[in-house]
Amino acid sequence: MKTVTISKERLRIHIEQLGEIGKTKDKGVQRLALSKEDREATLLVSEWMREAGLTVTHDHFGNLIGRKEGETPSLPSVMIGSHIDSVRNGGKFDGVIGVLAGIEIVHAISEANVVHEHSIEVVAFCEEEGSRFNDGLFGSRGMVGKVKPEDLQKVDDNNVTRYEALKTFGFGIDPDFTHQSIREIGDIKHYFEMHIEQGPYLEKNNYPIGIVSGIAGPSWFKVRLVGEAGHAGTVPMSLRKDPLVGAAEVIKEVETLCMNDPNAPTVGTVGRIAAFPGGSNIIPESVEFTLDIRDIELERRNKIIEKIEEKIKLVSNTRGLEYQIEKNMAAVPVKCSENLINSLKQSCKELEIDAPIIVSGAGHDAMFLAEITEIGMVFVRCRNGISHSPKEWAEIDDILTGTKVLYESIIKHI
């Protein structure tokens, strides 16, 4: 086997340079999917892919794909992926380290002239976060045939549809031809992804990385409660139809339901809430808020969602409100491949790295790729477990460790 060097310095520089695109005033990152910042980042990452020896294309779901052909191109490819879009005012490591690790692995393989039978693909999936169209994991869902026509009609805060955003993004993307970009079982041999943990376990227990055994399935909703607007000073409390108070009742119930079983990893979050018309002296006419419910057990998650829906109906009936529940996305919890878990464990053993087996509470592109191939994931510890924040931070030495482990496993499968 030829000696291969993973460049810590190149990884560090790439992370820093990409972090400058969409940089916010408090040193966070805001690169919403299919935005001008996303386009600028795509151009830069495409350049790095080419430097690593990858041929760059886009599919019609907006996924950026770099491919290095193997000796037998007809064989299924080995894919490494993640995302480069961000949440609003997020951090510079989330998703990014997975894409850049993939590029660095191919860079090292190219520099050492390593011969491989299977082609290697590095993918930056479109809109993993869902922060623009409130509908995440779009690119990976599309790749496995799970995007519906109505998903293309989702609108952002400026009433721009995803279809329009894709159509004008460039790079040959045409949402009228998404059917041409669907992969089938047998097209991809294995899928690997590296990501920051986005939680405190690894740091608390002094592990640089962890091996993921499974991914909790998120379910996203948008709830709208409609009441009756009125003057804040003249409508008695007993006669009000205030949807914001109703929303508060529902939100408190979300917390209660998700904490009922102290041994369960169930989590529920209301991340966005807006009252209309939004005047300080006006009783709101309507309120919209998002719901994010996650669990590693599908049945338990679905039961909690049923109870939340019952609470919404009860509150609405009691307070004289109308309600709408829009289901935006639901992902089934998935387990990582035992084959790839064992491969990653063996790589850790060879490199003398102690890595625990952990569950991912966050959703990742890997969970949809699992529908057509085996998946393997590596987590990198992050400071204080913070993510989706300008305070998000991962040490370059830990990122390097994860990249080396990923390389040692991938090289055995190509």
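Quick reminder: no glycine exception, Cβ is built from N, Cα and C everywhere.
R294 is the only one of R183, R294, R300 that Swiss-Prot places in the N-carbamoyl-L-alpha-amino acid site (with Q198, H231, N281, G363). Divalent metal cation 2 is bound by E129, H388 in Swiss-Prot, and the record lists one more residue there from D94, D174, D176, D354, which is D94. Going by what Swiss-Prot states, the divalent metal cation 1 site holds H83, D94, and the candidate of H190, H195 recorded there is H195. Among the binding-site residues H83, D94, H195, Q198, H231, N281, the ones whose Cα sits within 10 Å of the Cα of H388 (divalent metal cation 2 binding site) are D94, Q198, in sequence order. With DSSP classes pooled into helix, strand and coil, the tally for the region 'Involved in dimerization' (214-333) is 41 helix, 42 strand, 37 coil.
When the alpha carbons of N281 (N-carbamoyl-L-alpha-amino acid binding site) and R240 (site 'Necessary for dimerization') are compared, the span between them is 14 angstrom. Long-range Cβ proximity for G363 (N-carbamoyl-L-alpha-amino acid binding site), meaning a same-chain Cβ under 8 A and a gap of 6 or more residues, is found for G136, L137, I215, A216, G217, P218, R294, A331.
In sequence order, the recorded positions near D94 (divalent metal cation 1 binding site) (Cα within 10 Å of its Cα) are Q198, drawn from Q198, H231, R240.
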